[in-house]
Each structure stands twice: as C-alpha cells, then as structure tokens.
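Taken from TrEMBL, the feature region 'Disordered' covers 1-31. Here TrEMBL flags 82-102, 122-140, 152-170, 190-211, 218-241, 247-268, 310-331, 389-410, 416-441, 453-475, 487-507 as transmembrane segment.
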Amino acid sequence: MSQHMQSLRSPSKGSVTPSRKSSSCSGMTLNVADTRTSSTATANIGDESALAAPALLAKADSPREEDNRTWLQQWPGGWRPYSALTGGFCLMFISWGYVNAYGTNATFYDHTLMQGLDKMRINLIGATQCFMILGLSFIVGRLVDASHITKVLTTGTCLVALGTFLLAIVDGRSWSPDAVFSYVWATQGFITGCGMACFFVPSSWVVATWFHEMKSTSIGIVATGASVGGAIFSIMTRYLIEQASFRVASLSVAAVMTFLAALATFIAKPNTAPRRGSLEKDMDNTPEKQELWRAITGAWDRHALKDSRFVWVSASTACIFLGFYAIFFNIEDWAAYTGVAYREATRPSTSFADAIKTFLLLTVMNASSSIGRIASAATADHLGNYGALHVHALCTGITSILCLVFWVLAKTVGTALGFVVVFGAFSGAVIGLPPASMAYILDKNDPVAQAKLGQWVGMMYTIAAPFALAGPVIAGHLISTFGFLSLQLWSGVSLLAACGCMLMAVLSHHRHLSAKAAAEIEAQASVNVTNDMLPLSKEVQ
C-alpha cells in the first residue's frame with residue numbers, strides 16, 4: 001500500500017503537475033479540469049499550488065482589481081500605445097470617414113455628373129465601398145493576426161492613392177452618364193474600397209493590443225475618426241466643388257487620404273508582447289487545444305459559428321448595415337425634397353425661408369456621432385463584463401425609434417436639425433460598438449481567445465458585407481418608386497431587427513457567464529474534496 005501511495009505522489013509521464021510558478025488563467029483551468037478525469041492528477045494536485053489554482057482563476061476573472069484602480073491608472077503608460085491610437089484614428093478617418101461623406105458626392109452625381117440616372121445606381125457606388133471594406137475584413141483580419149500589418153497598410157495606401165487620384169480624371173461634360181457611372185464605380189467604389197478594406201480591421205485591432213483595460217473607450221476614440229472624417233470630407237468636397245471644380249476637390253481629398261494613410265502605416269504598430277509564437281509554445285498537447293489552435297491559424301474559425309454570442313452579434317451587425325448607410329447616402333436629397341435645405345448656391349423659392357445647405361445636415365450628423373462613439377464606449381467600459389452589448393442594444397433600439405417616429409415627423413428646419421443631431425449621437429454608438437462588443441465576448445484573460453479578435457471581427461464584417469451592399473441599393477430603389485417615407489421605414493425596421501439580435505446576444509452572453517461561474521464552483525468543489533482526502537491517504541500510508 002505504501003508503494004501504491006508513493007506512486008500516486010510521484011507524477012507519471014503523462015500527468016500534469018501544477019507548479020508554484022504557474023499563474024496563468026488558462027494553465028490553472030487545465031490543471032483543475034484534470035482533477036476530474038485522472039486519479040494521478042488528483043493526487044498530484046494536493047499540494048499548495050493546487051489549492052491556489054481556483055483562487056488564481058477567480059482572481060483573474062474578477063473585476064475587483066480593476067475597480068480599485070483609478071480611471072487614469074487603467075490607461076497604459078509610454079508613448080507607443082498613444083501613437084498606435086493616433087494611427088488607428090487616421091485609418092478610420094480615411095476609411096469609414098470617406099464613406100460617411102459619400103452623401104455629398106451622391107448629391108453632386110445625382111444633379112450634375114450623372115444627371116438622369118436612377119438613384120439605385122448612384123447608391124451602388126457608396127454601397128460598393130461598404131461591401132469591399134466589409135467583405136475583405138476576414139482576409140485582412142487573418143493577415144494582421146499573422147503579423148503582416150505593415151504589408152496590409154502599405155497595400156491599402158497604394159490602392160487608396162490610385163483610386164482617389166484617378167477619380168479626378170472623370171469628365172462629366174464629354175462623357176455620357178453611363179460612362180461616368182462606370183468609371184466612378186471602378187475608381188471610387190471598387191479600387192478605393194479595396195484600399196480602405198486594408199485600414200478598417202487594423203484600426204481597432206492595433207489599439208486592442210495596447211488598451212486591455214480601456215478597450216471599449218480606446219476603440220470608441222478610434223471610431224470617432226469616421227465621424228470627424230465624414231464631417232471634414234463633406235465640407236471639403238462641397239466647398240471645393242463650389243469654389244473651384246470637382247477635379248480640384250477630388251485631388252485635394254486624394255492628397256489628404258494618401259498622406260494620412262502613409263502616416264498611419266508608420267505609427268500604427270501593435271503590441272508584440274503576447275505574440276502568437278508564445279501562445280503556440282505554451283499550448284498543451286491535448287486534442288481540444290490543438291483543434292482550437294488550428295482554428296486560430298485558419299482563414300475561417302468554425303468555432304465562432306458554434307458560439308451563439310458570435311452569431312447574434314454578427315446578425316445584429318448585418319441588420320445595421322442593411323439600413324444604416326442608406327440614411328447617410330440619402331439624407332441630403334431628403335432635405336432638398338422636403339425644403340428644409342437646398343443644394344444650389346442660393347436658396348430657391350421652393351425652400352423654407354430658414355433653409356440651410358444640404359451638406360450641413362450630413363456634416364452635423366457626422367460631427368454629433370463622434371460624441372456618441374466616445375460616450376457609449378466609455379459607458380461600456382464602466383459597466384464591465386458585457387456592458388458593450390447592453391449599450392449597443394439600447395442605442396440601436398433608440399435609433400430605430402428615431403427613424404420610425406422622429407424622422408417621419410420632421411417637417412421643418414428645426415426638427416430636421418434635431419433629428420440629425422440626436423440620431424447622429426446614437427448612431428455613433430450603433431456603428432462604433434460592434435468591434436468592442438466582439439472584444440467583450442472574448443475572454444480578455446485568455447490569450448488564446450484574445451488572439452482571435454482580429455479574425456472574429458473580420459468574420460463578423462464579412463458576414464455583414466452582402467447586407468451593406470444590398471441595403472443602400474434597395475433603399476435607392478424604394479425612394480425612386482415610393483418616395484422618402486419608404487426609406488425611413490426601411491431604415492427603422494432594419495435597426496429594430498438589429499436591436500432584437502443584440503438583445504439575444506446579451507442573453508447568450510449572460511448564459512455563458514453563468515455556465516462559466518458554475519464550472520468554477522464545480523472545480524473548487526473538486527479540489528476541496530481532493531484536499532479532504534489527503535489526510536486519509538496519509539493515514540493509510
């Protein structure tokens with residue numbers, strides 16, 4: 001019997017021996033789990049480090065340590081994180097910022113450059129930009145996860161420069177509207193869209209590698225680049241078209257985008273401390289861990305599709321893009337149609353006496369959305385656990401009500417301005433929080449899970465890409481056939497569906513956290529039983 005107990009105390013070749021030096025969450029979870037499946041590991045876990053395993057696991061998952069620190073202490077030190085934050089802001093500025101300003105281009109195309117074409121085709125140009133940015137996200141996400149971010153950003157810079165500078169060549173005086181449409185679609189829609197796809201995922205991914213405790217806030221700051229870019233590009237384009245020409249406006253925008261893209265390529269550097277190589281080295285040779293590792297290194301993570309939280313967040317994002325950008329692309333035409341704003345250099349007699357320029361509505365909407373992006377992200381960080389999901393669901397529901405009620409009833413200049421301000425603020429949260437929501441459903445204390453952030457965000461946006469392409473096109477057809485009320489209803493219902501999907505994601509994440517807590521309690525109970533059996537083992541010896 002003594003020999004038998006001695007063999008129990010001596011670790012076998014295939015057993016897992018806990019070490020006092022080991023304090024990682026993932027490692028401790030594996031040791032505790034082995035106590036339920038191996039009697040050898042049960043005996044081995046009876047030492048001091050085994051007793052500390054559940055405590056370490058609970059400490060890793062507990063937010064108390066974060067709560068005891070001040071708000072400033074949760075921000076990283078040094079200049080590199082904030083250099084990356086600036087680079088991410090620039091990347092969002094020249095990607096979705098350019099898309100957000102497309103409504104100004106669409107108004108000029110509709111009444112000057114492509115006069116007479118169906119609005120559905122004009123919306124297709126902006127929708128193609130959205131589709132390319134989102135559709136290539138999973139490829140870009142995999143490349144940046146594989147440490148190819150510099151190559152990705154360099155490629156994007158070249159494509160954006162090519163597409164935007166070529167756009168200035170278009171000639172609306174000697175070309176037919178169909179020829180102009182084809183050329184603008186190829187340059188502004190396709191080539192520039194491919195280039196901006198190289199910027200979107202890296203903009204939030206590189207920041208997430210630095211700001212672990214303030215992830216939502218930092219991603220929200222990056223997301224404001226889209227709002228600021230949309231406002232600046234809209235004003236810049238309209239002003240230069242009126243003062244000079246469309247060619248001058250296009251060349252100026254191209255120069256700004258190329259410069260910022262080149263700058264971001266040099267300063268948007270990720271945190272290389274928890275790199276993939278160290279994860280691979282620390283991986284245990286269990287079938288489950290190896291299967292998870294293959295999923296991370298593959299192009300498409302099939303484990304994500306089995307996670308109900310990922311499915312619901314992706315479905316919500318798809319519904320958002322189905323109705324969201326239709327508003328930005330057509331808000332100027334709606335304002336001109338109702339008389340609350342005008343496109344011409346001087347106010348026509350058909351507009352209200354206090355009517356404003358149409359591009360100002362789009363500018364105000366973009367500017368106010370920057371407030372919503374930062375405020376919602378900071379609120380999500382303050383709530384902790386699954387705060388991003390709650391805030392996202394609430395703001396999406398509010399935007400749907402604004403479209404279905406407030407926008408429909410907006411008949412004066414004052415109510416129109418009120419709508420764009422309020423909707424812009426909440427829409428900033430709606431469009432800016434999906435990456436933060438995805439980051440929250442991935443355990444921040446698990447390096448393997450966090451290594452999948454770029455991949456899962458890319459997959460989410462790739463799933464949403466067809467909806468982003470179809471949404472503005474369908475809205476353009478509805479406007480041409482039924483009027484602007486159909487646009488308001490289309491966008492409102494789409495956002496309402498997105499709210500429902502996000503609420504399901506909240507429920508799924510709540511069940512996940514409950515199951516995780518139950519597993520920790522079970523693991524603690526298993527270790528306690530093992531500890532109680534040790535005195536009996538000594539007596540038998």
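Yeah, the Cβs are placed from backbone N, Cα and C, and that goes for glycine too.
TrEMBL labels come from automatic prediction, so no person has curated them.
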- Task: Please work out whether the transmembrane segment (122-140) lies in contact with the transmembrane segment (416-441), by counting C-beta pairs under 8 angstroms that are 6 or more apart in sequence and asking whether there are at least 3.
- Result: no
- Query: At an 8 Å Cβ cut-off, counting only pairs 6 or more apart in sequence, do the transmembrane segment (218-241) and the transmembrane segment (389-410) clear the bar of 3 or more pairs?
  - Reply: no
- Segment-segment contact (the transmembrane segment (416-441); the transmembrane segment (152-170)) at 3 or more Cβ pairs under 8 Å: no
- Tertiary contacts of the transmembrane segment (389-410) (same chain, 6+ residues out, Cβ under 8 Å): 313, 316, 320, 323, 327, 338, 340, 372, 376, 379-380, 383, 416, 418-419, 422-423, 426-427, 429-430, 433-434, 436-437, 440-441, 485, 488-489, 491-496, 498-499, 502-503, 505-506, 509
- Message: Cβ under 8 Å, sequence separation of at least 6 from the ends of the transmembrane segment (152-170): give me the contacting residues as numbers and ranges.
- Response: 91, 94, 113, 140, 143-144, 180, 183-184, 187-188, 190-199, 202, 246-247, 250-251, 253-254, 257-258, 261-262, 264-265, 268
